[in-house]
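Among the features that Swiss-Prot reports, alpha-D-glucose 1-phosphate binding site is placed at Tyr113, Gly179, Glu194, Lys195, Ser212.
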Amino acid sequence: MEILMKSGDLNKYDLVKNALVLVLAGGRGSRLHELTDKRAKPALYFGGNRRIIDFALSNCINSDLNRIGVVTQYAAHSLLLHLQTGWSFLPQERGEFVDMLPARQQIDDSTWYRGTADAVYQNMAIIKNHYRPKYILILAGDHIYKQDYSVMLMDHVNSGAKCTVGCIEVPRSEAHEFGVMAVNENLKVKAFVEKPKDPPAMVGKPDVSLASMGIYVFDADYLYKMLEQEVNTPQTSHDFGKDVLPKCLEEGALYAHPFSRSCMGRNTEGEIYWRDVGTLDSFWQSNIDLVSENPQLDIYDQSWPIRGNPIQAYPSKFFYKHSNVHPVDNSLIGGGCVITDASISNSVLFDHIKIDAFSKVDHCVVLPQVKIGKNCVLKNCIIDRECEIPDGMQIGVDMEEDKKRFRISSTGKVILVTSKMLKILEGHEIGEEGHLD
């Protein structure tokens with residue numbers, strides 16, 4: 001099929017049906033510590049009843065990009081189960097799918113995915129011979145945002161680029177965590193450096209850098225060529241940002257797509273929303289932000305819905321027998337929760353949580369199937385799945401005491417509590433892997 005380069009001649013349907021999306025979902029997220037010991041970062045819970053990967057997948061479906069492969073590797077069981085139960089609704093007879101592409105050591109018997117580029121390279125035979133796309137959209141499965149990818153795809157074809165990278169303006173003080181680029185007036189990338197120690201500023205904006213979002217659109221044939229070159233390059237990191245994009249830049253084939261062009265669901269001030277929830281502080285803050293009256297991220301927006309696992313829990317119920325107990329305030333409550341004479345404020349509670357009488361939960365993110373006993377006080381906490389908080393326990397009240405028992409975030413503000421930590425406090429033998437570091 002011949003795609004004309006004039007925007008008026010471009011047909012969105014033709015573009016999306018000839019595109020394949022690859023969601024890279026194999027990362028651990030080591031800065032989240034024990035939260036990702038048993039689950040990949042994209043499988044981590046978010047927003048009361050969703051997983052992080054649901055945002056990328058919902059963006060695909062809302063963008064009419066219904067040919068999706070999810071590349072998995074680290075601790076993939078919960079992620080694969082979520083994809084099977086929540087994302088198997090596309091009609092395969094129409095060529096639509098969410099396929100799982102786990103690491104299978106396809107190149108030889110000893111090598112798993114060695115980087116983002118290698119993850120795609122190891123699946124290249126399947127992509128070329130089975131999916132046969134004309135365009136390939138590659139994105140990370142561990143960011144929180146809403147974007148119409150079809151707009152980025154349209155811009156890619158319009159520009160004549162071989163590779164297009166999504167970009168966003170970030171504070172220069174934070175840009176060392178990203179690939180940073182400079183572009184000309186036509187958005188052609190003129191310079192690119194991955195995670196620089198001293199990030200360059202944008203022209204006229206000394207405190208702002210233009211950062212890569214880790215989202216790429218490639219002409220499929222061009223991507224195959226670049227990956228074949230990359231795998232045979234000595235001392236390669238097998239990484240798109242470090243290895244592939246600089247080669248695209250050398251060939252003059254790299255263009256940028258500003259996120260502002262395709263962002264969906266701006267807030268009332270017109271601000272765009274994109275978060276890398278890669279630390280305990282950012283994960284906690286991004287969840288807590290949702291409880292405000294007008295949050296930057298609107299999870300109730302039906303014009304751009306964020307789908308998830310359709311399994312329905314029973315309704316939550318609340319018992320308040322004592323008038324001196326302050327009830328639920330400014331909080332998100334999942335399904336199947338039972339709250340009895342407990343005070344909950346500025347918190348996000350996921351499904352199937354039980355909180356007993358006279359406990360206080362403030363500015364907490366509580367993951368599913370947690371039990372909180374009587375007379376507990378929890379402040380500024382992330383409570384991992386299946387924790388049982390004993391009667392009278394106080395967390396977030398005495399930080400020096402908490403440092404001896406739990407994981408404290410790098411800012412010293414957020415406390416992570418897991419079931420292993422609680423079992424150690426109770427004196428249970430849980431093996432060497434349960435020791436705190």
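Every residue, even glycine, has its Cβ placed from backbone N, Cα and C.
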| Near Lys195 (alpha-D-glucose 1-phosphate binding site), which residues of its own chain have a C-beta under 8 A away, given they sit six or more steps off in sequence? | His176, Glu177, Phe178, Gly179, Gly241
| Across all chains shown, how many C-beta atoms besides its own are within 10 angstroms of the C-beta of Glu194 (alpha-D-glucose 1-phosphate binding site)? | 17
| task | Show which residues of the chain containing Tyr113 (alpha-D-glucose 1-phosphate binding site), separated from it by at least 6 in sequence, have their CB under 8 Å from its CB. | result | Gly26, Val71, Gln73, Ala103, Ala119, Gln122
| message | Tell me the coarse DSSP state (helix, strand, coil) of Lys195 (alpha-D-glucose 1-phosphate binding site). | response | coil
| task | Would you work out the biggest C-alpha to C-alpha distance among Tyr113, Gly179, Glu194, Lys195, Ser212, the residues that bind alpha-D-glucose 1-phosphate according to the record, and give it in angstrom as a whole number? | result | 22
